[in-house]
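All remarks here apply to the structure that follows.
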Amino acid sequence: MLPYTVNFKVSARTLTGALNAHNKAAVDWGWQGLIAYGCHSLVVVIDSITAQTLQVLEKHKADVVKVKWARENYHHNIGSPYCLRLASADVNGKIIVWDVAAGVAQCEIQEHAKPIQDVQWLWNQDASRDLLLAIHPPNYIVLWNADTGTKLWKKSYADNILSFSFDPFDPSHLTLLTSEGIVFISDFSPSKPPSGPGKKVYISSPHSSPAHNKLATATGAKKALNKVKILITQEKPSAEFITLNDCLQLAYLPSKRNHMLLLYPREILILDLEVNQTVGVIAIERTGVPFLQVIPCFQRDGLFCLHENGCITLRVRRSYNNIFTTSNEEPDPDPVQELTYDLRSQCDAIRVTKTVRPFSMVCCPVNENAAALVVSDGRVMIWELKSAVCNRNSRNSSSGVSPLYSPVSFCGIPVGVLQNKLPDLSLDNMIGQSAIAGEEHPRGSILREVHLKFLLTGLLSGLPAPQFAIRMCPPLTTKNIKMYQPLLAVGTSNGSVLVYHLTSGLLHKELSIHSCEVKGIEWTSLTSFLSFATSTPNNMGLVRNELQLVDLPTGRSIAFRGERGNDESAIEMIKVSHLKQYLAVVFRDKPLELWDVRTCTLLREMSKNFPTITALEWSPSHNLKSLRKKQLATREAMARQTVVSDTELSIVESSVISLLQEAESKSELSQNISAREHFVFTDIDGQVYHLTVEGNSVKDSARIPPDGSMGSITCIAWKGDTLVLGDMDGNLNFWDLKGRVSRGIPTHRSWVRKIRFAPGKGNQKLIAMYNDGAEVWDTKEVQMVSSLRSGRNVTFRILDVDWCTSDKVILASDDGCIRVLEMSMKSACFRMDEQELTEPVWCPYLLVPRASLALKAFLLHQPWNGQYSLDISHVDYPENEEIKNLLQEQLNSLSNDIKKLLLDPEFTLLQRCLLVSRLYGDESELHFWTVAAHYLHSLSQEKSASTTAPKEAAPRDKLSNPLDICYDVLCENAYFQKFQLERVNLQEVKRSTYDHTRKCTDQLLLLGQTDRAVQLLLETSADNQHYYCDSLKACLVTTVTSSGPSQSTIKLVATNMIANGKLAEGVQLLCLIDKAADACRYLQTYGEWNRAAWLAKVRLNPEECADVLRRWVDHLCSPQVNQKSKALLVLLSLGCFFSVAETLHSMRYFDRAALFVEACLKYGAFEVTEDTEKLITAIYADYARSLKNLGFKQGAVLFASKAGAAGKDLLNELESPKEEPIEE
């Protein structure tokens, strides 16, 4: 290790500040673990774990209104690698699709010039992973290919569209929230636009419903909300309702099919779309803080809610196995009256002011255990959920909230108490399934009650609001290389100075120094600076001047001018001399002051008649070198004096020594030699004065008369033999002091605000700042190098400029950002892999595709050579060292908890696959391995149960640890049936019109609940037009099971009905006579595949149900449907493991196929026959080839050797390296 390492590499970057009102909803948390948000016209990308800025994307010319990460719901391989794709949309209607890692725009899309209302990637990525749907105001939805920028189709609707939501269970369902209501689209397809206008329904706002108001006076708000039965009507409500449509948000619930939430400021309504009615209300008490936003979770039926005070709350659906009533009212006979979401955790609120308020919240889509809050001042706060096992006695049972239990499983597999687990990995590993009504927890199972709490684990602060005064620390030299840090001091309008480290872009120190706006900063060394601030003038035009000297390491600051500063003319500028010895303080209406920086003493206050200064600059020349030479001579003479006899010393020499010894004693190591320095300044008439300062003497040396071609001089810069002056009229005058020539250049850019030379010996570049931008000049050639003009090539106005290094400039701008740019001043995004980060970031997406896939294989196939290791050098991976180092950095950046799991021999292959899919944010694999782990484990339980105990024991375990209901038809039949029964109970309790009652009756008949169906049919009132029909139906239902002939009649009638377009009625009749299998076949014939699957799950025995679902699998795999990933999950739920392996192999998912085969063999899920053997070896051989293509030799050898005869040739090839490189 080197004794010191100094990192002064500074890459181009942008420091961002407060957001714009347009950016309010522009934030997204990607599956890759990165958060992107809009800041004015920029898109900022940060890491959610370390809260570091990784990328700032700049290309939009207007404020960004939406950002969306592409989904990762596809199989990743070399052809479809892990990559960071992001779509951002602005107020001018432009959509840009970015390759975030490279910082380049892949494609730009423009349809109209109005703000994009909403944009989303299609979640079903089997056919294409490049499709993006956008709302172009006022009423168009357009489907784009985001890879090529091609418009696939466009469709307009009658009303203005505000936002939309895709059904997470069915890619053909889309719902639009419009200015008047909701439009349901049921034929969404990438290949053609939706056909009709969609099904339009109106929302009457809960506040405006007259029934609601009436009830509210009678019984309290909670009861009233329970009675809000219908919200969705086909009829347009009367005028006073429409104006009150204050629905903030609409979203499908990913936790259960056909449910949707509507968000209002004071309540969240949960709708069941099968009956179009409210089945749950989350209301805020009168004193509570209104909602701003809600994000529904797919795991555990949870809701993340953001409130107006910046507080984030988590609510989880209550389980009904232990209901207690909290009031004196009589308990309800049927406990499930309402879908209730209990408050389980909340984080701290923020201090809301006029300028600081919460903008938006996003939630981690992979684990759903963390939320990020974006605040208008540019802060991003990352809150993580943590679970703690709590003591039974400590629980407050009077709260009426059922307890939460930790789940039985970890990473998909039930684990023992002593096994390693990481409960905070994800929401479903923190809390178990909410039990369904009447479901008791199994005896003897280890259920530990848990509490959840939010912890602030990341905070990113933005720059405060402009104005800014910026100053870069002194430049890097050979002398200061050991302690140099590239620090930028930023003075702000609230009086504080922020110091940023420009290698990492992170805030190094924040110092509250002044009580008013900082006007200027000058560094006096690498670790100290002077800053000045002036208060607002009083009626005499006088101010309070604050000039502070700040020591950066300690943060200590002293008033540099002591007691001076109250009620005087404002300081205009401060200038520190080249050797940091002297300070010139220039006032508006008061003579110049000269100070000694080292002793903080006033050297000279100029007389009253001293000219008014308009610009001042110190000369880079001084006499320190000649002083140092004299000093060195002294030392040598002194050294000689000790050796040589006195007589040999000349008298002259000894007299010089005595003089210099005096100087030497005053300053150890030449610290306080007062060298002679000089400065120039100009007065109002443009006359140039030249003054010399040495110690405490100030001499006036020369004056140069004004140049007629120049206006009033505003600034001066001096380097080497070049002096440059700028004036009010935009002229630059270049003086060559050696050649004694001057050259004036009119820039035609009005007032020259500031000019400054670049650091570095012989570097004669100069930056000039104007009211409308900046320019870089080469003073040697007297030529402009680059120019930037507000309104022409950038949208922002420049507030201050400086040099960062010899080839990079710093611009502070009125959009609240500070940009470090190349000399060309072109806004450039950077390559993320070139960036210097203070903390390592886990993001395999940043690696080249080959490396990210090799890293995944390395993690999945542990142990290597019988050893669990996270050291990449332990395996044979003949890749270049740079890539290996990058892989090792990724491995090192994993948290200790994750490392512990990966190195645990008890951690099974299935758990490892699930963990790695979470680490990679791979949506497709996460769902595949969740379902695979569940059913492979169930199979092994059944096997062990059948050998040791009576048959009844096996299903018991299935219900105690079921697959989460968000997996819908993939769940076990018994659990799915219970859920559907609970749902129909709820629908029944909530019904309020005949239409709803009829829908409930239909559901009850399909579910085989004939008694309750008959009760509902007999409720039809005599004046209803369906009274006769319903009465007959009730008679039919009660007598239907009696005789054989009646069954054949009913079957005939049912088939006729179906043939004549009455599919639902015919299916119902078939279910009445227990011919549900036929009903399913008819539904499938008529394209109602989802309905058929539902009916099979609730009515058929396992064999018949499997038949129906297998036909569905064939349909899903057909080219016109192309939903093979869904088909795989259905096959897993049926236990058709061999078919899954075959399908994976045919889809060329070799990695997943090989891992799945290994897991199946471990669980004994395959009968090993000749056929299976053939498939297994083919899978292993193909996987070995793909690992060879990744350059992962050891993995390839491992699987080639497992493949037997099929892998023999490959094995030989791998083990005998050829002379010439193999072409891939």
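Placed from the backbone N, Cα and C atoms, the Cβ positions cover glycine too.
Here is what Swiss-Prot records for this protein:
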REPEAT    59-108  repeat 'WD 1'
REPEAT    111-154  repeat 'WD 2'
MOD_RES   SER205  phosphoserine
MOD_RES   SER209  phosphoserine
MOD_RES   SER402  phosphoserine
MOD_RES   SER406  phosphoserine
REPEAT    566-605  repeat 'WD 5'
REPEAT    708-745  repeat 'WD 6'
REPEAT    793-831  repeat 'WD 8'
REPEAT    893-940  repeat 'WD 9'
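The repeat 'WD 1' (59-108) makes no contact with the repeat 'WD 6' (708-745): fewer than 3 of their CB pairs lie within 8 A, with pairs spaced 6 or more apart in sequence. Residues 10-18, 20, 39-42, 55-59, 61-62, 101-104, 378, 462-463, 465-472, 475-476, 486, 488, 490, 500, 502, 754, 756-760, 763, 765, 767, 769, 772-774, 776, 785-787 of the same chain lie 6 or more positions beyond the ends of the repeat 'WD 8' (793-831) yet place their CB under 8 Å from a CB of it. Here the repeat 'WD 5' (566-605) returns a mean pLDDT of 94 for the predicted model.
Taking all protein chains in view, 19 other C-beta atoms sit within 10 angstroms of the C-beta of SER406 (phosphoserine). Here the Cβ of SER402 (phosphoserine) has 19 other Cβ atoms within 10 Å, regardless of which shown protein chain they belong to. Under the three-state DSSP scheme, SER406 (phosphoserine) falls in the coil class.
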